[in-house]
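To keep things clear, I will list the structure first and then write my remarks on it.
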């Protein structure tokens, strides 16, 4: 079935894993911003579940999955606890966290696209909501933590583009009835690999035309 | 009936009172931020109604109460007018405002929990939405006013915890069919008292483990 | 029909034009904030479609128009492309952009009011949602770009008031069954003209009472 990329139980555990790594990034930002443990938990929940919450409100799937699956809700609290006690250790494995985050990005852009399409949206809009599912939580995290959203900044490695490519591939495969069973891995792995490449080679998107030549002074 | 903590008319006036004190805190922040009178009104509306609006969108209760009950909408405008003309006087009774705000917090965390449960959510999720109802407006107020959300900061007296405890007690009482008539006052008064204690004794939540020892330098 | 101010095709092109000019303002802020091209596109989409998205979520019109009409979605991307390559030229015609933005403001406050009313909301609430439709996108744009919302600041020319007046006139005309065919232009043009006057004569709203005398020092 379209809305299950993999078998339901595998899908569920992949979702939980994605939620967990997104929550880690939220809780870590809470530590850096000197928030208390409840602030860390709020950022963890928002980072992990915010993108899917937005998608579900837009497609009218209420109550959203974030409020019906208890595992989705409790996972960010577990991530908060781990970061609370072990944050220096978690910071030290920041590359590993980045790799898992890339996996979450790849997974969520595809599941978001598929869920939106299965609720009757067009292919372009489904891919857009897939992108929003993958990156929305991070934007909400930054807004709540009073930071410029990392997604919008030119001096960060590509983050939206891998999710956009993954969502677009998923939409095209849906269009040609090619997204089922093992082929689901194609868009997920494409987005995952692109994000890893962006991290490895510091790939960035251009700013508006005439700005580029002044980039050095502005940094 | 579950969704009426007290008799309908008493409930309605308590809601209006809670909305009024939340709106006062929004309008006062507007004065401090040097916003104009319309900015004050926007912050007053958002602080007073934002939490309930989020809850209603999540449970699918559209149009939300904020847009169906004219009294809910007009009360923040009244609060704005009062703060516009009398803000030095209102600032002077800031402790009294804090006590009323604590009462609003106690009331909204319980009514939010009950309303979410009566729309079919689980007990944990209902308590979470009760918490969001009580604190969501304040977070939106701070985000719109371009401040670090007071809720997340470690150097503020406990605010989420009293609402969390009140919502949790309400959920447990719902579970054991013990929330009806006068017993409704139990979670409301518990949250209210906890918030007053937090204000009186400057109770705070811990930050991540290794940070505590450096707390003095960081302030 | 109430929800069509003008003939459907004229209405649609007016909507697209309003979305386009709002998107220009979003993309330009992205250039000023030194965001990359994807950050510019996010701000353009959010500015152009955010107000209507909020309105549609509140009235339960899901999926919102922003996710059903492909033209609504693609127009901000076109605006982003233009700003990306031509932003110095676009900045130079900033007055013209302001005039088009005023036209968008006038149009959206009325279409928002009419759409909310046709979904069963009261007249006051419909006018409020009309206001939110017109100004909501700009507030979201400023929050995402990590700026104090221009709407709330006292040192900006009146922006909410023209939209508020336009929405209120539309609501009163609906009440007396006077909003149909050519009379639709009355509230649109009133809001448009008021905004132009505010820009021309730097009209501003007052801040809280005792602040006014200190205005000079505070600037």
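Cβ coordinates are placed from backbone N, Cα and C, and glycine is handled just like the others.
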Matching range for TrEMBL feature annotation, transmembrane segment, among A:158-178, A:179-199: A:158-178
Chain residues in Cβ proximity to the transmembrane segment (A:93-114) (below 8 Å; excluding those fewer than six residues from its ends, i.e. six or more beyond): 2-3, 5, 11, 14-15, 17-22, 24-25, 28, 51-52, 55, 126-127, 129-135, 159, 162-164, 166-167, 170-171, 174, 179, 184, 187-192, 195-196, 199
The transmembrane segment (A:12-31) and the transmembrane segment (A:158-178) contact flag, 3+ Cβ pairs under 8 angstroms: no
Helix, strand and coil counts within the domain 'Glycine transporter' (A:13-87) (DSSP): 64 helix, 2 strand, 9 coil
Integer mean pLDDT for the domain 'Glycine transporter' (A:99-173): 94
For the domain 'Glycine transporter' (A:99-173), residues assigned helix / strand / coil by DSSP: 59 helix, 1 strand, 15 coil
